[in-house]
């Protein structure tokens, strides 16, 4: 019985398959017509060389003598790429993006310590505080039924949880709502990344997220508890699900559109003016979809009725009567121009001042990105919203906040083109390596955006008009030490937070500025600003003497004699916003 050569019994060469047994190797070589000698010492090099040469010539996969056995033990190598676990990879990628955004927005919310707009407190937290604790002030809007309780209810639930845990301390009562809003903001940031990725690819998604996190106004306004902030989150989430904005979609268009409709209805329930955004998207979908009847009668009407019915019942429960908020809101703000009572701007204000200031140094990048991307459906949304809001007399920065991230997506388009100009033509060509190319133009652009937006964001969030919030921190400490009995705010109405920041049920009074049918008669706030000394003297005839008076230094100089006459002396002053606090020294 002849023995096999030691060459075939030895350990296989590293270039060959180590799992194939020696007999299989021998069979493969015989199949190729290569003579195998038992004198391994003489012929070992020639066998190796012949084997390699034959395989190079034929360039074929060597067949196995026993295909069934070979397939079971040693599956043949395939030239086809195995499918990657896209879902798992996508999940981890989205999770990482969300965690990054959540961490940054949490820090962002803690850094926002200034006063911006009264509605952050008086239309959200103050209402929530009254729902949760039974005391707080409701402004005239809630008496007229032009606001829905859906948005304040979110923070009322938060307050209830804090109270149950024994954590309803003034400091946490101020910080917790903004921390909750930072969670919502992170969801919005994630969906901005997802929307940019779907529309323009990986590189644009990264730079769009960079633009949103860096933009000074998003940093300054987004974590605040304004209804506009939550509306912006819902806008970003909703846009992602609408098929009309995509060239193609792998997901079921009907399912995707249903989610988009639900989110859109929720945004309109929180802020009825959000219908301006979704009317544009709805008309686009109606134009491009092939199942218009299904879209209208089986999706839009049922989903809209469901959300509207829920908010209708919620408002009935809290108001105590049937109130149709969208109709009341429409009557006051559009049919009667009631918003003009709080000031008007020229028609081009959003184009010439408002939105341009919000974009700030991102403006040229966004304009270049719009021209480069040529995605007119999405960029058209910006023009549609700015144009319709320009018709209204009363204008504010926060009204157009929902389309600011959309403009920043196009800023991401241009920034991505600086690092990978060819990759923008094909989303599939974009990769993490191509996005990390930093030519000189890219470096200068990033440095320019950093040095212009970061100082602006920090100044507006930490310094500008900080006194209006700091004064409530001082008053809450006074209340904790039982030195606070009652407060009179001799300043324009809603110039500071109220019970939601103090979290102490003590008598407080501020100057009313509710709209009146008699426009010629000034309200209390206007009357005080026209003649501070005369108004205060008249007020003192019928007041219950407060223990503390809060006022701005611009009116303080005119009231020095009045304050001395009634035995008040200064006990605190904040340099920002120049807010002064006077305390009663003698009965």
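Numbers here mean position along the shown chain, with the first residue as 1.
Every residue gets a Cβ built from N, Cα and C, even glycine.
Taking TrEMBL as the reference, the stretch among 442-462, 463-483, 484-504 described by the feature transmembrane segment is residues 442-462. Among the stretches 216-242, 262-283, 375-393, the one making the largest number of Cβ pairs under 8 Å with the transmembrane segment (442-462) is 216-242. Across 262-283, 347-368, 375-393, stretch 262-283 shows the highest tally of CB pairs under 8 A with the transmembrane segment (216-242).
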